[in-house]
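Have a look at the structure below before the remarks.
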Amino acid sequence: MKQYFCSIKSIVQQLLSYKRELILGNIIAIAATLLVVVIPLFIPIIVDELLLGKDHGFISWISANIWTTDTKGYVLGILAFILLLRLLSTFLSVLQTKIFVSISKNITFGMRQKLLAHLKHVSLKEYEMMRVGAVTSKLVTDVETIDGFVSTTISKLIVSSLILVFSSIVLLWIHWQLALFILLTNPIVVLFTVKLSRNIGKLKKEENRAVELFQSSLNETLELFHQIRAANKENYFFKESENKARELKEHSTNYGYKSDAAMKLSYLVFLAGYEVFRAVSILAVAYSDLSVGLMLAIFSYLWVMVSPTQDIINFQYVLATAKAACKRINTIFEMEQEPEVEEVENPFIHRKAIDIEVEGLWFSYEKRSRHSRPDWESLALEGKKSQDPRVEPGDDGKESNYILRNINMHISAGSKVAIVGASGSGKTTLANILVGFYPLESGEIFYGGISNRNLKLSTIRENIYLILQHPKLFNDTMLFNLTLGNSYSEEAVAEALHIAQLDDVIARLDKGLDTLVGKDGIKLSGGQRQRVAIARMVLSDPKVVIFDESTSALDVHTEAKLFEALHDFLRKKTVITIAHRLSTIKSAEFIYVLEDGRVVDSGTPKALLEKDESYFSSMI
Ligand SMILES: Nc1ncnc2c1ncn2[C@@H]1O[C@H](COP(=O)(O)OP(=O)(O)OP(=O)(O)O)[C@@H](O)[C@H]1O
């Protein structure tokens, strides 16, 4: 998968992919700008030619070529012309905004798409440690900051620069000495503001981080509200969220007034410069040939330059905050993803059932560097007594981190196998690994003879269905929770409901399959939720089914009826059942006993029962 990282460079590259729109938008923007930028030129005409009797040749040109009238007529005519220019300019700037907004929204949408695509493939280990609120805040707040940067860059940077260039040319034309003075002192203002902007990015980053912490805390509190109330801990958890909101307030206040102060300070420096320019202009009228009308035109151009100069000054802040937002967004792109596998052959195709072979499987939840892995070769030399050449790591204490240790299993196609063992022995971990939720530390799993290294995870999960002990339900209709958006015939749904012993449950719901099940299926009992998960499995018709304590919430009577109904459906499938209750595994043909991550015993139920001390016999 091609890795994307947010950076100013990558954003600019994306912007350049909208070349046509950018060119069109900028032509319109330039036209809109030119229309208003020429307006101050009318001042010297009106003042000098109409009031002071000084001839620039413009009124005489109008009189000769367009229209001859009196002073009132010229003033009204020029007024009408100026209003028309402003109207046209406004229309063009609306058009320009429409083009630029759609570019910036497309870019930020693209970024959200990339973030979602990355999250879609994030490894389960990363997901387990993920703070959902933190991730959503990055997808909302930080991407919004990037949006601000993109729209400012495309809509203001070029236009503002052009206005400054155009105004500078006009100023140079009016009075080059004065213009040079203005243009040379202006960079000092910009330099001053660059220094100020440095800290603003840092403050924005802190503010966004505070948003993230508040959002995470609130998310978790609301997610676990039920549990919190059961533990009578509302005060504690809501206080935590309030504390985060307080921190957010402090950071926002800090950012809010400091960034505003920095901008105002920059503006103040600019205004001070403006006042100096004004004074120098008056002196220029007194001591050079600059006319009063042209002096007024210079004043107007100084004002015309205010907003673009401010935009360029602000751009540094926007750039600093965008860099900070990118850094935070990149923490999502840095999340580890599930490995991508090139599939050579799909062993599940054209087979009704499939066998699974687990060879020398080691697994730990801890992230390991290559160097901390066991040195299999040297261990193999010592480990003559092990069934696998790679025995357990030596007595260096490191092996205690392994949840699964050298697991070897053969589950033949269509067989019914049970995995039993004390709580914490690693059964669920093994089930999760069989469906590819966690990558193997070492060892291999063969599905129908094909190694997991050559199989796509999606292929494995399409064909091997793991039914969890605590299935999650969506706050949607019963039907959606069964089908998860796939389309099945009414008969298939009815059959699945029947097998999962849900007929009566649906009949009792006020709107049947259209009933909303509430947050996490709150309207259903634990056992009913487990049966919904089983119905989901029936509908997806996998080749291998793994029941991980999937019927633990059912009474023995319902469980027996359920397995009876499932009997035909499961007949040809490979079935792995993990359970603590004997009733759940009584039909198993072969049993593996796990203890502390190792297979300590295995055999047929009969063979295991005959042993005096076995975990299986202790279940009875
Ligand atoms: N996501 C996880 N991250 C880190 N450690 C985990 C994770 N899930 C389980 N463990 C640890 O792995 C060990 C085995 O857990 P696992 O859930 O596989 O056992 P189990 O045999 O299924 O237990 P039970 O019968 O209670 O469900 C436990 O010590 C547990 O603390």
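Keep in mind that glycine also has a Cβ here, set from the backbone N, Cα and C atoms.
Taken straight from TrEMBL:
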type	residues	note
TRANSMEM	21-47	transmembrane segment
DOMAIN	23-321	domain 'ABC transmembrane type-1'
TRANSMEM	74-95	transmembrane segment
TRANSMEM	157-174	transmembrane segment
TRANSMEM	180-197	transmembrane segment
TRANSMEM	265-284	transmembrane segment
REGION	376-397	region 'Disordered'
DOMAIN	384-620	domain 'ABC transporter'
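Residues of the same chain lying 6 or more positions beyond the ends of the transmembrane segment (265-284) and with a Cβ under 8 Å from any Cβ of it are 175, 177-178, 181-182, 185-186, 189, 192-193, 196, 290, 295, 298-299, 302, 306, 309-310, 313.
Here the transmembrane segment (157-174) has Cβ contacts under 8 Å with residues 26, 29-30, 32-34, 37, 40-41, 180, 182-183, 290, 294, 297-298, 301, 304-305, 307-309, 311-312, 315 of the same chain, all six or more residues outside its ends. Packing against the transmembrane segment (21-47) from elsewhere in the chain are residues 15, 56, 58-59, 74-75, 78, 82, 85-86, 88-90, 92-93, 95-96, 99-100, 102-103, 154-155, 158-159, 162-163, 166-167, 170, 291-294, 296-297, 300-301, 304: each is 6 or more residues past its ends and has a CB under 8 Å from a CB in it.
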